[in-house]
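Enquirer: This structure is in structure tokens; I'll ask about it shortly.
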Number of protein chains: 2
Amino acid sequence: MELLKNKILEEGRVLGKDVLKVDSFLNHQIDVELFNEIGKEFKKRFQNKEVTKILTIEASGIGIACITAQYFNVPVVFAKKHEATNMDKDNYEAEIFSFTKNKSYTIKVSKKYILPEDKVLIIDDFLANANAASALISVVEQAKAEVVGVGIVIEKGFQNGRKVIEDKNIKLESLAILESMEDGKVIFKKLT
Amino acid sequence: MELLKNKILEEGRVLGKDVLKVDSFLNHQIDVELFNEIGKEFKKRFQNKEVTKILTIEASGIGIACITAQYFNVPVVFAKKHEATNMDKDNYEAEIFSFTKNKSYTIKVSKKYILPEDKVLIIDDFLANANAASALISVVEQAKAEVVGVGIVIEKGFQNGRKVIEDKNIKLESLAILESMEDGKVIFKKLT
């Protein structure tokens, strides 16, 4: 997606070998106009799929999921990462190991909001090793619902997230795929 | 706002004396169609105000803020509640005391994303004692920007949040104001 790739080149900042900071438009300040183009692109890429619900994870996934949901006319459900007061007791749970924080945490989704008949599109901002995506897939599987695909804004193509998801025979669409970020320079994979 | 009040009456669940659970459409599962009506209503209520940015707080504020921002054609900034890797060091910070958790936490907003020339509309899902709203107002004040108003989806009219905000001479618009939740029954203030 050219618009997104140009935005990454203009405003993204590479930290170290594998961190891309995009907080000016994606995960702290939010460029809602760009999100609308992202939403349209996800609709185009999953146009042959029946989708009844979009599942994401707090916090940065929520904005992308909500704007995208307008093009599918479906509700969004977001998995909770943090202990929430008033959370139901009856939840699907899955563990995520965070490499950056070097610890595991548990995500929760109320059993009321993913039903066996749901056809779920998973949306998230980043894909690296697919730890978050795998946990969201696990939630959908526990609910005996169907994952119709995973839509990612920025994929770190030099990590193994794509393999993890495609090995489960799930369609993965990433709007920008990073081939490398060496010497502070972002190189995209040609196909994206 | 009638549509919202009807939704609260149909799907809201009262827990104890002061907790209203609305996780089927507001803060776990998200009814994006309703959020669009909420966004339009905020635009109507703040139509005479110049707004350059919408400020909210993770996680439940993000979806409402993003959908609402489409009607104002402005970006969203969300304050971070949780330690985020890669967060800038140069932030505005404010303390929030959480009664439900009986402890304080610090919210952070990068100094890059609220500028002195900004006219900021603060959006959040709930207003009770205005702890979160006061912290967001403090962030805008630290940035020497202007708060043009506070827009709330559900106000607990029996707590003192409205007084706190109006004492600062800030316009507050709440789309549904709860007068009481006694005996598990939601009563709205007449005017809303």
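Note: Cβ is positioned from N, Cα and C throughout, glycine not excepted.
Here TrEMBL flags B:Leu20, B:Asn27, B:Lys156 as xanthine binding site. Sequence annotations record features per position, and here TrEMBL assigns 5-phospho-alpha-D-ribose 1-diphosphate binding site to B:Ala128, B:Asn129, B:Ala130, B:Asn131, B:Ala132. Residues or ranges marked as domain 'Phosphoribosyltransferase' by TrEMBL: B:37-171.
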Enquirer: Taking the recorded xanthine site as B:Leu20, B:Asn27, B:Lys156, identify the other residues of that chain whose CB atom sits within 8 Å of the mean position of the site's CB atoms, giving them in sequence order.
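Expert: In sequence order, the nearby non-listed residues are B:Gly12, B:Val19, B:Lys21, B:Val22, B:Leu26, B:Asp125, B:Phe126, B:Ala128, B:Ile154, B:Leu178.
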Enquirer: Just how many other Cβ atoms lie inside 10 Å of the Cβ on B:Lys156 (xanthine binding site)?
Expert: 22
Enquirer: Are there residues of the same chain, six or more positions away from B:Ala128 (5-phospho-alpha-D-ribose 1-diphosphate binding site), whose CB falls under 8 angstroms from its CB, and which are they?
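Expert: Listed in sequence order, they are B:Asp18, B:Phe99, B:Lys156, B:Gln159, B:Gly161.
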Enquirer: Please give me the CB contact count at 10 A for B:Ala132 (5-phospho-alpha-D-ribose 1-diphosphate binding site), counting all chains in the structure.
Expert: 25
Enquirer: Output the one of B:Asn27, B:Asn129, B:Asn131 that, of all these binding-site residues, has the highest number of other Cβ atoms within 10 Å of its Cβ.
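Expert: It comes out as B:Asn27.
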Enquirer: Could you state the CA-to-CA distance between B:Ala130 (5-phospho-alpha-D-ribose 1-diphosphate binding site) and B:Leu20 (xanthine binding site) to the nearest Å?
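Expert: Cα-Cα distance, B:Ala130 (5-phospho-alpha-D-ribose 1-diphosphate binding site) to B:Leu20 (xanthine binding site): 16 Å.
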Enquirer: Return the single residue from the binding-site residues list (B:Leu20, B:Ala130) that has the minimum number of other CB atoms within 10 Å.
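Expert: Selected from the binding-site residues B:Leu20, B:Ala130 on minimum Cβ neighbours within 10 Å: B:Leu20.
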Enquirer: I'm trying to understand the geometry here, so how far is the Cα atom of B:Asn129 (5-phospho-alpha-D-ribose 1-diphosphate binding site) from the Cα atom of B:Leu20 (xanthine binding site), in Å to the nearest whole number?
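Expert: Taking the Cα atoms only, B:Asn129 (5-phospho-alpha-D-ribose 1-diphosphate binding site) lies 15 Å from B:Leu20 (xanthine binding site).
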